[in-house]
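K.L.:
These came from Swiss-Prot, pasted as-is:
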type    : residues                  : note
BINDING : 108-115, 190-194, 254-257 : GTP binding site
Amino acid sequence: MISIFSKLKQSLSKTSNKISEGIDKIFYKKKLDAGTLEELEELLISSDMSVLVVTNIIEEFKKVKFDKEIDSDTVKEALAKLIEQQLSKSAIPFTLSENKLNVILVCGVNGAGKTTTIGKLASMYSAQGKKVAVAACDTFRAAAVNQLSTWADRANALLITGEESADPASVAYRGMEESIKQNIDILFIDTAGRLHNKKNLMDELSKIVKVIKKLDENAPTHSVLVIDAITGQNTYNQVEHFNDATNLTGLIVTKLDGSAKAGVIVGVVQKFNLPLYFIGIGEKIEDLKIFNQHDFARNLVGL
């Protein structure tokens, strides 16, 4: 059976191989000087980390006391610690309240793995003995409702749907009403995912938030954005737009197993000061893992 650490290492291989091999090449029989530091900086930027994050890492890297003879493994160890520091803002866990309804608003663009992620989370919490409900608020896409229905059956979760093309906010409201009535522990609200630069979608999300607050002024408990790791630099735009509409509390990153742009996670966490709750490293339910910044940082540099 593959361990979590090994599965993460395997998932990050497209990014980590590039960084690891780059470091090996830069520091092969070379000293740490202005030239090698510049090469290292370019390598990290090419992995889709932001310029600001890389600049911070390089400045801290210069302060590390190395022996005269420096090798690539020593560099990787130092880098892993510095990347972990940059990810310190991601360390806030995904917490739920006991004895009350937790409302989780889940948003993201089409194709990011939003509905699948909800299904995995629903299955995970159902297996822990929680009563789970799912509100299908992507009412303009029949396929999304069907997909969510399959996941809800698998997770033994209550499914709340509306008529095709119904107002998504009305479905969210009814989802909360039913969840309160049936003493549900966790309600996941699946939302539409049309392109993030479409004003109508952002208005729709804002309306959902406004409507559910009528039943609970503290709702949603969490507003989570699901990001496809393959997206790369466009991730920054997505986070900014969805954050404006829903006041995000955290992130979930999917498809790390298919991405060569995993470095973008470091920049996004640092820029927006948002925790990264879960990462998707495969298609199975158990492949949605709680994010561990220590393991991620070490695997990212090939350790």
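Glycine too: its Cβ is placed from the backbone N, Cα and C atoms.
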K.L.:
Could you tell me which three-state DSSP class Leu256 (GTP binding site) falls into?
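P.N.:
Where Leu256 (GTP binding site) sits, the three-state DSSP reduction gives helix.
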K.L.:
Same chain only, sequence gap of 6 or more: which residues have a CB within under 8 Å of the CB of Lys114 (GTP binding site)?
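P.N.:
The list for Lys114 (GTP binding site) reads Val106, Cys107, Gly108, Asp190, Thr191, Gly193, Val226, given in order along the sequence.
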K.L.:
So which one is it: of the binding-site residues Gly108, Gly111, Thr191, Arg194, Leu256, which has the fewest other Cβ atoms within 10 Å?
P.N.:
Gly111
